[in-house]
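S.K.: Okay, handing you the structure first.
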Amino acid sequence: MSIIEKKIVLLPGDHVGVEVVEEAVKILKSISEVKPEIQFKFENHLIGGAAIDATGVPLPDEALEAAKKSDAVLLGAVGGPKWGTGEVRPEQGLLKIRKELNLYANLRPCNFASDKLLDLSPLKSDIVKGTDFTVVRELVGGIYFGDRVEDDGSGFASDSESYSVPEVERITRMAAFLSLQNDPPLPIWSLDKANVLASSRLWRKTVDRVIKEEFPKLTVQHQLIDSAAMILVKSPTKLNGIVITNNMFGDIISDEASVIPGSLGLLPSASLASLPDTNQAFGLYEPCHGSAPDLPKNKVNPIATILSAAMMLKLSLNLVKEGNAVEEAVRKVLDQGIMTGDLGGNNSTTEVGDAIAKEVKLLLA
């Protein structure tokens, strides 16, 4: 029996981040219990407020170096009122690690882990049932990283949006490979503002060319971002598939999409530095929710982090079967009504984690 060893750097961060990472590790260890040939080597490091308290900086050098040498990074959450908005802030650690690891693509799925949760959506259940898309957001270009002029008292300020062909090419390839991981391949939706912005016209032209030349079996449809925002509320299933867009549009549309499933405690995310064509992309995985400093102990929903770990298994660790088993285990547990308070249940964080770990072992035995 050949041993598969995967090195995972854990960055629990602050407040509930510690709890949710513990539950995700519990799930990963449950895989090794029934499949001893799969071994996870965990290495804990500090980030965010916890790192500031211990070292004075939000991301210690040793944490960054460990992340660079790992197969993947699993992060909890950072921040909290304790650290305020001073010169050194917890969130700076997150921004730095994303930049240093060159995480250029952010993936945020929008779906229902169980149909039992449809009534939690602020939209009508018959409108949202069947919603299943992933927003692929370009993470290191665009207006957030463009030239900036601050108001110096003159009453003028500006931000500039720019994209290069290589930047658009690589995010398009990311979307294409994610599409191809499904049989049949998923449709691709590209969101832009090509009727106004020059950068969007370059974006649209480049997306079209890459799909046509490199992925002729795939389909891509273009949608103006303002129209897409309306579709997302009126009929979100129309965007099912892979949704690709630039940094600012992706920031906004993924936050809009995040309210559809009814709780941030359900939503995973991945930030990748390379293509998942061999299911071994390097990535950082984290829940979409924050550190929730006011939440009592053992009340946080761990599912977003557990589903982030499932994404990690499939995209970075080449353990697709195991990742699918984790997602199925989450569905089974929710179908049984085992859930935390944000979903209307009365189970604790650890009870939900224990139940999912049990189902994972049954599925993989």
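Glycine residues also receive a Cβ, built from the backbone N, Cα and C atoms like all the rest.
I grabbed these lines from Swiss-Prot:
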type    : residues                      : note
BINDING : 80-91, 290-301                : NAD(+) binding site
BINDING : Arg98, Arg108, Arg137, Asp226 : substrate binding site
SITE    : Tyr144                        : site 'Important for catalysis'
SITE    : Lys193                        : site 'Important for catalysis'
BINDING : Asp226, Asp251, Asp255        : Mg(2+) binding site
S.K.: Taking the Cβ of each of the recorded positions and counting other Cβ atoms inside 10 Å, which one has the highest number: Trp83, Tyr144?
M.R.: Trp83
S.K.: When the number of other CB atoms within 10 A of each residue's CB is tallied over all shown chains, which of the recorded positions Arg89, Arg98, Arg137, Lys193, Lys299 has the maximum?
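M.R.: Compared across Arg89, Arg98, Arg137, Lys193, Lys299, the most Cβ atoms within 10 Å surround Arg137.
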S.K.: Using a 10 angstroms cut-off on Cβ to Cβ distances, just flag whichever of Gly80, Gly290, Pro296 is the loneliest among these binding-site residues.
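M.R.: Candidates: the binding-site residues Gly80, Gly290, Pro296. Fewest Cβ atoms within 10 Å: Pro296.
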S.K.: Should any of the binding-site residues Arg89, Arg98, Arg108, Arg137 have a Cα within 10 Å of the Cα of Lys193 (site 'Important for catalysis'), which are they?
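M.R.: The binding-site residues close to Lys193 (site 'Important for catalysis') (Cα within 10 Å) - there are none.
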S.K.: Who sits close to Asp251 (Mg(2+) binding site): which same-chain residues at least 6 apart have their Cβ under 8 Å from its Cβ?
M.R.: Arg137, Tyr144
S.K.: Ten-angstrom check, please: count other Cβ atoms within 10 Å of the Cβ of Pro293 (NAD(+) binding site), all chains counted.
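M.R.: Step by step: centre on the Cβ of Pro293 (NAD(+) binding site), count other Cβ atoms within 10 Å, giving 14.
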S.K.: Cα-Cα separation of Asp226 (substrate binding site) and Asp255 (Mg(2+) binding site), in Å?
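M.R.: The separation of the Cα atoms works out to 14 Å.
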S.K.: If H, G and I count as helix, E and B as strand, and all else as coil, what does DSSP give for Arg137 (substrate binding site)?
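M.R.: Going by the DSSP assignment, Arg137 (substrate binding site) falls within a strand, counted as strand.
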S.K.: Within 8 Å of the centroid of the Cβ atoms of Asp226, Asp251, Asp255, which other residues of that chain place their own Cβ, given that this set defines the recorded Mg(2+) site?
M.R.: Ile225, Ala229, Met248, Phe249, Gly250, Ile252, Ile253, Ser254, Glu256
